[in-house]
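> There's a structure below that I have some questions on.
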Amino acid sequence: MLKIGVPSKGRLMEKTFDWFGARGVAMRQTGAEREYSGAVEGVDGVELVLLSAGEIPRELGAGRIHLGVTGSDLVRDKLADWQTQVTELAPLGFGHADLIIAVPAFWIDVDTLDDLDAAASAFRAAHGFRLRIATKYHRLVREFLTANGVADYQLVDSQGATEGTVKNQTAEAIADITSSGETLRANHLKILSDAVVHRSQAVLFASRKADWSDAGPILDRLADRLGLPLPAVI
Amino acid sequence: MSAKAAIRAEAENIFAAFQAAGAAPVEADILLPAETLLDLYGEDIRARAYVTSDPLRGEMMLRPDFTVPVVQAHMAGGAEPARYTYMGEVFRRQEHFGPRASEYMQVGFEVFDRTEPEAADAEVFALIAGLLAPLELRAETGDIGILTAAVQGLSTTPKRKAALLRHIWRPARFRAMLDRFSGRAPLPEARLRLLDRLAGTDAGALIEAAGPAIGLREPADVAARVAALIEDARTAPIDAAETAVLDDLLSLEATADKALLCLEVLAARMPAIAPSVARFARRLDALDARGVSVGTLAFAASHGQSSLEYYDGFVFSFHADDPALPPVSTGGRYDALTAVLGQGRSIPAVGGVIRPGLVARLKGLS
């Protein structure tokens, strides 16, 4: 049996079903509309596991599922040394979003990371604590800011409504996913010009940690059906 | 003997040697308040240390090194001069798979002494070099103090010097900043546009037009930095001859005795570094007096630039041949840290740590 993890709700689930469907592999929810069980038709031996997109990286890393569809941002953020734990089989061409850093629009003196760093230094001197950046992407943002030599900041956790944290005075800047930037503008924030931390999209990942002894041949058949090059990853 | 027992035995030997050298043994908590460490090291330490939460004491950290608790204990009421030694586990989160341990023993030796800093530098280095001599390690040394003096010696504004000093421990950013201040790199597009707009309009009006004031950073803070940007744009670029001294300094790598000759030449070009070069010369004499061969000792002026940002003078490390192994020993001078933790008081301090786990491994004991 080959287990494939797919986001359990919303547009990500629909788009994933569409992507597989267009390649002759039908996925559907079974049972009641809100029941998290599913079926795969077109290739024998594939079991559909409906999961929260945020949990799919962990399940891949633990090897409890063989394949999984989730955002490239989530895999990079949640898995240390992600390339050693999973491999990318195919970018799926949807779920595009950029992980960016944004600051209040009235900060006319801040446009680049260089400016953010200088503003953080002055902020710390004036307020006695480091400038707070609200995010849920801790690893990605910290690695990005370290690589770019930004100092005197701290990350504060925000699992949702991150754009509101500045107004609520729980952070001075944010690092979040945006596709159109509308929510940012509505919350009087602007994007730094050189701070695209990651360009994310939905990707079909394979786990390097799963047991492939039985699932290997099934993956070969599935890849053939999907028109993907035979993965030499496992 | 099990690996752990072999490492502990090795640690006990080093601990005893440090005590024989006059150090008083001290203990430190394993659970430390995270706030002090985060305040000192910034967000980087969060990636490198285990942070946990305590329902009564708030955010705590598993001891990532001994320096901070030992300095705190000394500043809270240690006699002067003081020599301390400690032995115990430290914990480092690893973000990458590989040979680096997330829990290992450290044995350290720290000297708090106002009288002769260079003699104290040499004492710590020679003591550790002597203990590690059988392993035939490669020693590397540096001096953050000379770098700092060179930045202080630039003929430019205090703001620019402060900005450069703040990034001494981030070599890439330091370089980028130096390139911009010396006119070798252009101003970013957005900055030019902003300066252009400011030529015609008052900053306050631009800030107000850009959006509502949200968050703790206030319009006055923005206006203050805008004023600083205008001032900076009017500041003359750092003289090419001075930048060249800094470039030569950053790329200086030689044996310590030859490095001294180079540094003396650089001091003739930039007299501001002369006192720290004299200090370097005194340290070499002190090392020589303790039997360290300065004719073979490796020196690089940029060594220690990418370490945790508290060393501010002499820095050193000892390496095994295997490049995958972390340094067997590291240390240096951290005068400024004692001022930060001393609440107004400070004392010159220098110290170093040895990893007995690596010593045992290199001896083939574990």
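Note that Cβ sites are derived from N, Cα and C of the backbone, with glycine treated the same way.
Annotations per TrEMBL:
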type	residues	note
BINDING	B:Asp65, B:Phe66, B:Thr67, B:Arg92, B:Gln106, B:Glu110, B:Tyr310, B:Tyr311	L-histidine binding site
DOMAIN	B:1-288	domain 'Aminoacyl-transfer RNA synthetases class-II family profile'
> Among B:Asp65, B:Phe66, B:Thr67, B:Arg92, B:Gln106, B:Glu110, B:Tyr310, B:Tyr311, which the record lists as binding L-histidine, how far apart in Å are the two most distant Cα atoms?
21
> Long-range neighbours only, meaning 6 or more apart in sequence with Cβ under 8 Å: which ones does B:Glu110 (L-histidine binding site) have?
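Non-local contacts for B:Glu110 (L-histidine binding site): B:Ala23, B:Thr67, B:Val70, B:Val71, B:His74, B:Arg83, B:Tyr84, B:Thr85, B:Ala349, B:Val350, B:Gly351.
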> Rank the binding-site residues B:Phe66, B:Tyr310, B:Tyr311 by the number of other Cβ atoms within 10 Å of each Cβ and report the first-ranked residue.
B:Tyr311
> Which value does the mean pLDDT take for the domain 'Aminoacyl-transfer RNA synthetases class-II family profile' (B:1-288) in this predicted structure?
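The average pLDDT of the model in the domain 'Aminoacyl-transfer RNA synthetases class-II family profile' (B:1-288) works out to 93.
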> Check B:Glu110 (L-histidine binding site) against DSSP and tell me helix, strand or coil, would you?
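DSSP call for B:Glu110 (L-histidine binding site): strand.
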> Long-range same-chain neighbours of B:Arg92 (L-histidine binding site), Cβ under 8 Å, sequence gap at least 6?
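In sequence order, B:Arg48, B:Ala49, B:Pro64, B:Arg100, B:Ala101, B:Ser102, B:Glu103, B:Tyr104 meet the Cβ cut-off.
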> Tell me the Cβ contacts of B:Gln106 (L-histidine binding site) under 8 Å, same chain only and six or more apart in sequence, or just say none.
B:Asp65, B:Phe66, B:Tyr86, B:Met87, B:Gly88, B:Glu89, B:Val90, B:Val353, B:Ile354, B:Arg355, B:Pro356
> According to DSSP, which of helix, strand or coil covers B:Thr67 (L-histidine binding site)?
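Assignment for B:Thr67 (L-histidine binding site) reads helix.
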> Let me check the 10 A CB neighbour count of B:Thr67 (L-histidine binding site). How many other CB atoms are there?
23
